[in-house]
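Asks: Sharing a structure with you now.
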Amino acid sequence: MGLLQLFLVLCTFCTSSVAGFGVDPALRISVFDELTLGEAFDGVTQVQGFHSESRAFHFQGTSREVKAPAEVSKRMVQKLKGKNEFTVLATLKQDHLNSGVILSIHHSEHRFLELESSGQRSEVRLHYRTRSHQDHTEVFPYSLADNQWHKVSVAVSASHVILHVDCNRIYERVVEAPYMDIPEDTSFWLGQRNAAHGFFKGVMQDVEILVMPQGYISQCPDLNRTCPTCNDFHGLVQKIMELQDILAKTSSKLSRAEEKMNGLDGCYCERTCSVKGVIYREDEGWTDGCRNCTCTNGTVQCDAISCPPPQCPAGTAPAYVKGACCKECLPVCLFGGRDLVEGDQKAVRDSSGRCLLFECRDRSMHRVVQSEPCPELNCPESEQIALSSRCCKVCRGHDFCSEGHGCVEHSDCVNLEAGDCCVCKDGFRPLRDDNAYCEDIDECAEGKHYCRENTMCVNTPGSFMCICHTGYIRIDDYSCTEHDECLSGLNNCDENALCFNMVGGHSCSCKPGYTGNGTVCKAMCDGLCQNGGTCVSPNNCVCQQGFTGERCETDINECKTGRNTCANDTVCFNLEGGYDCRCPHGHNCTGDCIHDNKVKHSGQIWVLDSDRCSVCSCQAGQVMCRRMVCDCDNPNADLFCCPECDPRLSSQCLHQNGLLTYGSGDTWVENCQQCQCLQGQVDCWPLPCPPVDCEFTVVPEGECCPRCVTDPCQADTIRNDITKTCTDEHNISRFSGSSWIKHGTECTLCQCKNGHICCSVDPMCL
């Protein structure tokens, strides 16, 4: 057999072995398919994923609710219920510094299974319930929120947990086994903990739960290979061909975009106005009801139409016409000694009581023959009203407005006993005598408002608002009082100054022992701080490096005390306020550093190219790197590196109870977790507890950390010792940690705790 034939055989065998790894559908929970994602969830849109073989979705915003319906949640939970081996898989690209939940299965406040990624603390957290019915969080220090694609899997097998990222085994731990007896009415959320917290922001793909311990192999088949394969080569060739196709399409789009951009050089952009769905150009005018309007610099400006008194010739009379603002001259008819205009109708009843209806048309009255009989009325005859404009009677309280009316702009139709009329809405005045068109009353300009002292009147459509002057707070809708900026803390006084509230503001004065303008106060030490020392409080000096003493009068000999950084090949010489490392004759003691194949001189400071939030320095041949120190008092602080300094309202967070708000950088404690707000996102992690070295521990009610107890029956956690067994009522030996139903009872549960038998009655069993 030739070498090429052997290579093809190996490729065929290995490819089939990898592709042959499959998962029983009964053991797979495809979360995207179960939730029919993309059809009914706001804030979730389908996008291009890490690969094109399955759908990917972009999760954004905080107003979404990606929650499985009750039946779907019940079906998914049923596959997990009682299982102690499962794997959570996801391919994701999480926004930088975002802290969000990938998926959460919880009932009430208890999280039975939740996978969370914290970009703020660079952690992956697995939340679950233990068999001792305690909430537990396993924290894996790792950053997924870097706006890069990652394959993530968390495999659980009883008390064994393995975290893989990008097909690399990151952590493998032994933990307390999870309790998966999940209630049927449990909630199943994707991309968030609930409707208010834990919003994941970024793209997710292939989110699955496999009810098997080594499900990561389906995500990373290489982890299960026993021989080399050519499948990688075929996949690489395919990906290169796909990239070439994408590159060609992108180049074509860029070329067309450049052509369009070149054509924009000769364009002139003008501001337009949009009114009732119609676009008007600059300086274009139109008539809107009883107003003449013009589009000026993108703003609509309107003036009321002034109607001159109509000069109507003989045989005509002024009357309003539908769609026109001013009265027009219409032909009239003389009927029963009264003038009727074109279109008016008049009902006449003869001696027999029969009703005849006439209409004015072409200067004469014409009889109108009704095509349908009058409707039957459901009111007594005493409540029936005869109308002058129709033959059919109506019941008292008839809704004439519902039959159509001419009340147009800021005007309401009002029913009368025998007809209807138009009435201007509150805050508007009529533009014509029938109140069909009305205009807004500027209460502020006309002095028709109730705004009192310390306020400014602002006109609004149909009303007005009273706005408080700067430095004042609202008492009611019409008046404001002075704001105590000292009491509220909203002042710029120095911490060593006294604040005095004043009308419209405040003043600051430095405390005794300090000097300054009140905004900045410095301590006074009567010039006693020597050698450049700084006075930090009255008669209290902070010395510069190299000096000590109450007045910084003593030089520190760094060479004798060992407080120097001289390398072994240099000699230390003490100086006033410092020291010098001198290189002996014939030695090379430059102290330079090599970093990223570049020479950095001793004392040089630079920012990492790969991380603008890290600062490095060269110190006597050693490269020292640290995170940038955040100074939130500096208005030029980099919010990318220092999100805790973000003062914007959009960066505030809502407390879990929905009643409190926190600013970016604020911290608080909730349900035994330390929480922090950073740029509008809440991240919580377990409170650190001091280690306890004892056999039996309990977490007292209202506390978060375990304490040692001597009574094993009071303990909720024990350090099991399998050598300490118990003997039950049948003389059967029981290992520590085992439990059984006491003989002769149905509701008494006993447990062996390191040689001690503890029994209790289950109240739910009674």
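Just so it is clear, glycine is given a Cβ too, placed from its N, Cα and C backbone atoms.
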Asks: From the candidates Cys529, Cys552, select the one that TrEMBL records as forming a disulfide bond with Cys543.
Replies: Cys552
Asks: If you look at what TrEMBL says, which of Cys510, Cys535 makes a disulfide link with Cys525?
Replies: Cys535
Asks: DSSP helix, strand and coil counts for the domain 'VWFC' (271-330)?
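Replies: Per DSSP, the residues of the domain 'VWFC' (271-330) fall into 0 helix, 29 strand, 31 coil.
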Asks: Counting by DSSP, what is the helix, strand and coil composition of the domain 'VWFC' (651-709)?
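Replies: Each residue of the domain 'VWFC' (651-709) counted once, the result is 1 helix, 25 strand, 33 coil.
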Asks: Cα distance, Cys552 (disulfide bond) to Cys525 (disulfide bond), nearest Å?
Replies: 12
Asks: Distance between Cys535 (disulfide bond) and Cys552 (disulfide bond) at the Cα atoms, whole Å?
Replies: 11
Asks: Which whole number is the mean pLDDT over the domain 'EGF-like' (555-590)?
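Replies: Summing pLDDT over the domain 'EGF-like' (555-590) and dividing by its length gives 77.
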Asks: By Cβ distance under 8 Å, which residues at least 6 away from the ends of the domain 'EGF-like' (482-522) in the same chain are close to it?
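Replies: For the domain 'EGF-like' (482-522), the nonlocal Cβ contacts are 454, 469-473, 535, 537-538.
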Asks: For Cys552 (disulfide bond), list the number of other Cβ atoms lying within 10 Å of its Cβ atom.
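Replies: Taking all protein chains shown, Cys552 (disulfide bond) has 21 Cβ neighbours within 10 Å.
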Asks: Under DSSP, the domain 'VWFC' (591-646) has how many residues in helix, strand and coil?
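Replies: The counts are 3 helix, 21 strand, 32 coil.
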